[in-house]
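This report refers to the structure that appears directly beneath it.
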Amino acid sequence: MQIGQRLGTPLSPSATRVMLLGAGELGKEVIIALQRLGVEVIAVDRYPNAPGHQVAHRAHVIDMTDPDALRALVDAERPHLVVPEIEAIATDALAAIEAAGVCEVIPTARATQLTMNREGIRRLAAEELGLPTSPYAFAQSFDEFAAAVARIGFPCVVKPVMSSSGKGQSVVRSEADIEPAWRYAMAGGRVNHGRVIVEGFIRFDYEITQLTVRAIDPASGQTRTSFCAPIGHLQVAGDYVESWQPQPMSAKALERSRDIAHRVTSALGGRGIFGVELFVRGDDVWFSEVSPRPHDTGLVTLASQRQSEFELHARAILGLPVEPALATPAASAVIYGGLDEAGIAFEGVRDALAVPGADLRLFGKPESFAKRRMGVALATGANVDEARERAKRAAAAVRPVSAR
């Protein structure tokens, strides 16, 4: 099948089939974007009734870290594209699937392998590409960890090499923090890996996500890199609580950010959107991480861009033209579950949507936890400050409540 030249009809022999591995809120938006282009979508996750399951043509529940289960599902569904949307996947199975020519892995199996592991991507960025990063060390045992902390110095940040959304991440400020940080990291990894990265603390002015799109240029037929406006965000305990676009920054810092993003995404290859996380202080920029998929801070693009990050990803992986331009300043603010219960309800939706320029995405997750992201408020404004105030006001109006 010539991706980009021909799209079929879902649920027919001509269908263009895409399998998403990971069906959370980001995967759900990718599925919707693909379906608007007439793509047949198979959603896969580790638990039933995930947000993406609710909108896909077919849904499956498997342990995606089990290579045999993953290969069996791909063989049964025969997708044209496999699109990982989370880190906890048997990437060796994806590499075998790609090598056998069964289907294409987005962006590539190698990119998925490197980016699911903080060690792989940090060594690529710092040691192979020579990109500026914080000082770092890796540790496999508590003794190695304590030695790494002593070498890096206080304060430092510890993260499992395999985790996401801040899980297992903490700041070590003194000797008293070392043992609790190790225990927390061991409990927070998405895969039982037992290895951590210790990073020196960078005193930055702000953090950004530089969404970077690798897509086919219709004029040349070659892969071209383009950029969204920089996204600023606020993190608490490693998890995003607010994002806004555009983030004001100097011309030099923007140039350096895009150069770093271009270099790391070119090294990873393939097509699709990449979320490149960077620290910025004045004109100086440091590489932090990269995800070869839509980024949670990029939820703001549902309001800020004519083509959201999800639409850009869908178009890029299908070989279609993209347009990542900013349409309006906008912001997002997270809505947490606030309670531990299945099948919760939400009050205050009317009040939230009465905020000028506001919109909501309630993700439909079947089970709530106090700190689980259950939705997001979006808002536009004449400028970023107004958009942020509106988004926070709309998010605060939504009240998760027990449905019992």
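Placement of Cβ uses the backbone N, Cα and C atoms for every residue, glycine included.
Per Swiss-Prot, the features are as follows:
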type	residues	note
BINDING	Glu25, Leu26, Glu85, Asp296, Lys365, Arg372, Arg373	N(1)-(5-phospho-beta-D-ribosyl)glycinamide binding site
BINDING	Arg118, Lys159, Ser164, Ser165, Gly166, Lys167, Gly168, Gln169, Glu199, Gly200, Phe201, Ile202, Glu207	ATP binding site
DOMAIN	123-318	domain 'ATP-grasp'
BINDING	Glu277, Glu289	Mg(2+) binding site
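Around Leu26 (N(1)-(5-phospho-beta-D-ribosyl)glycinamide binding site), a 10 Å sphere centred on its CB holds 26 further CB atoms from the protein chains shown. Using a 10 Å Cα-Cα cut-off from Arg118 (ATP binding site), none of the binding-site residues among Glu25, Arg372, Arg373 qualify. Nearest in space to Glu207 (ATP binding site), taking C-alpha to C-alpha distance over the binding-site residues Glu25, Asp296, Arg372, is Asp296.
Separation of the C-alpha atoms of Arg372 (N(1)-(5-phospho-beta-D-ribosyl)glycinamide binding site) and Ser164 (ATP binding site): 13 Å, rounded to the nearest whole number. Cα-Cα distance from Lys365 (N(1)-(5-phospho-beta-D-ribosyl)glycinamide binding site) to Ser164 (ATP binding site): 18 Å (rounded to the nearest whole number). Of the recorded residues, Glu289 (Mg(2+) binding site) and Ser164 (ATP binding site) place their C-alpha atoms 11 Å from one another. A sphere of 10 angstroms centred on the C-beta of Gly168 (ATP binding site) encloses 23 other C-beta atoms.
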